[in-house]
Amino acid sequence: MKLADFVTYVFGSLLAGLVTLKVLSSFIPSLLVTLPAKVRLRVNNSLLKCSNNLNRIPVLDFGWKNSSVRRAFILASERPSDYTNKIYGDRVHIAYNDRIKRESFVNKLGFDSKRKLLGFFHPYCNAGGGGEKVLWKAVETSLNQDKNNICVIYTGDTDVNGSDILNSVRRRFEYDLDSDRIVFIFLQKRRLVESKSWPKFTLLGQAYGSIILSIEALTTLAPDYWIDTMGYPFAYPFVSLFARIPIVTYTHYPVISTDMLQKLKTMPGFHTNFKLIGKYVYWKIFMLAYKFSGLFVEIASTNSTWTYNHIKSIWSSTKNIHIIYPPCSTESLIEGCDKSDPVKRLNQAVVIAQFRPEKRHELILSSFSSFIDATTKKDLIPKIIFIGSTRNVEDREYVETLKKYAFEALKIPTHLVDFKTDCKYDDMKSILYSSWFGINAMWNEHFGIAVVEYMASGLIPLCHASAGPLYDIVVPWDSKKNEQSTDKANETGFFFIDETDPDFLAKDSSKYSSLRTLFAQVSKLNTVQRIDISNRAKMCSLSKFSDSEFERSWNEVLEELNLTHNRMFS
């Protein structure tokens, strides 16, 4: 092929791609929301056929228009939650309450509604972790902000129904939500975003999977706003270009960061290892794609200073970036804590973290074992209680591995370590209120909601010196002025580092001790010292990380969204 022919071919392909993109971006939005012809007549006829038996459920199939019909039904319905796709899949049924009020329901179909659909894309909404707490508090705040707001939850938790999920939310987080205005859309292709589905090129595979999953979500029900509370950025161009939906993000941690690139680059033999160089190039290209996805974000919010700095660097073109600390229910935790007597707390430490390797449970166990072997004052040795949720078989197997490591490899006495999986919230609070210390060992924990729960419950946090706990949470606090301080005498907890940290050599080892040394240090604190630190920590957690503070910040996001929406349609 001649050079001129090659150039012509390339430019021709690009032009064809742009034309196709233009056509699709103008056609697909109307496809997702415009109702098929004579839809009211068809719905009315179906309802009339069932008028003699209201228990008979009309189930309609409008083909590729099912998404727009489901949307219209939700906007017109007495109880929007009835229009989940749990039972009938892509087809759309007519709910009992709307069958009773046939004429009113049919007349509302297709007409302008003050209602808005806020689509929360969170494929693991039933996981029960800190990310899910953010999701459900955002949902609660959105519902309370305006009676016309309807929250759509896009989830892959197909083994349960909507009621099961909301009951779990009530038990775990004590959020009592208006279930009538929550619509669950169950996604069948969640496996495509699971790492086990992509043993090679995992990041690329999960990015592709998130695009497919978002398309499944949009073609089932298109919302007015796309709110990603879990972190699937590669879907944004498709949501924005093809559905023309404003995008709001709540980022817990970047998909890929400069820290990851730097860590890879500083590995021994990097410059002569073609495999590492290839991986670096692969990640670098991935970073460029991540930057590109930020172009389509209307409002970005992050959970911490560490995450904010990374996102601001990566999505430099996104102007609206905020820090919104996660809701940590510090109000209720402190209320319960104040009812307990600190003098009666037990000499025990709590570790609240999902049972995953990156939470570094093994580091805690090995450090604890070393402390036990080294100390001569055996009466000062605390008990450690590990509390965490298990998402799947892999997590449960990991717990068994930890038990073997603790009791067989390290020979830690069984009465000094306890594992509690999928613990009820009330049980967890009881353990917190009766303990003195809380441990968080994860390196570069983007936020650390468990650390806040420690502080609000009156525990003294022992945290790895990085990211959220270091920059945002365990900060000196002036109890007289009730504000953040620079005086180390106002400490609210303690930090440690470990030689297994990726950035260990860059840290000042004289400034931070090891966890083993920290165990010895805090075990010597007297009751008065413990109570002073505990009180400062409680004040800090209430001022910075309460549910009411999250509500205030999230309402500001919703107000910005409404302004954007009004500008678009004015």
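Positions of Cβ are set from backbone N, Cα and C atoms, glycine also.
Which of 201-221, 222-242, 285-305 counts as intramembrane segment depends on Swiss-Prot, and there it is 201-221. Within its own chain, the intramembrane segment (447-467) is flanked in space by residues 130, 133, 252, 303-304, 306-307, 325-326, 328-330, 333-334, 336-337, 340, 342, 345, 349-350, 352-353, 360, 429, 432-433, 435-441, 473-474, 492-498, 501, 503, 507, 511-512, 515, 518-519, 522, 525, 530, 533-534, 537-538, 540-542, 545, which lie at least six positions past its ends and keep a Cβ under 8 Å from the stretch. As a summary of secondary structure, the topological domain 'Cytoplasmic' (468-570) carries 63 helix, 8 strand, 32 coil according to DSSP.
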